[in-house]
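The following features are taken from TrEMBL:
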ACT_SITE  C14  active site
ACT_SITE  H131  active site
ACT_SITE  D147  active site
DOMAIN    1-183  domain 'Josephin'
Amino acid sequence: MNSLYHEKQSRQFCLVHCLNALLQKKAFSAESADEICYQLNESRLRDGSDGSLSPGTLSWHLGRWFNPHRSWIGLGNYDVNVLMAALELHDMEATWFDRRKAADEIPFNEIHGLIFNIPSTSFIPFWNGRHWFTILRLDDGSFVNLDSKLKKPEPIADILEFSRNILQNEKNQLILVRKQNVH
């Protein structure tokens, strides 16, 4: 367990920590996640005759500050669109797990990892956010919890029971991550 890449929670950058844990390296930073947010938001804010978003325009500045894919105060709190776009950059695909199904239907032997998104309380009063964390499938088929709120990675003895327990709360979400078949 000591050789696994694991980051500790910082501000609301849990999605950055989650992605880096999944990829087992520092592939993303707050800056690179913000850049994904800006790219996702551009199509909504296009304002040039050629359809591009011109740097320096009001729309460009507003898109940097008031971006629906992250916290406007720059502390992270990224949404699922950022996760999906980031995974695509590393030839991975994410699929929502249908909560109407039983946890028994999760194809544990086919996935690279699980990403959970759960409600989280914040240090800011009256602010309830969400927390992302990664469960990584190791080469031997076992699973490890790489949640950035943990002091160190924790092996999971029974991944099915672990998943059932988390999915009991209807507000919790699960995303299955697979490596894409790259040709």
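Just so you know, the numbers here start at 1 and follow the chain as drawn.
Cβ atoms here come from the backbone N, Cα and C positions, even for glycine.
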Work out how many Å separate H131 (active site) and D147 (active site) at their Cα atoms, rounded off.
9
How many neighbouring Cβ atoms, not counting its own, are there within 10 Å of the Cβ of C14 (active site)?
25
Cα-Cα distance linking C14 (active site) and D147 (active site), given in Å to the nearest integer:
8
Which value does the mean pLDDT take for the domain 'Josephin' (1-183) in this predicted structure?
79
For D147 (active site), the number of other Cβ atoms found within 10 Å of its own Cβ:
20
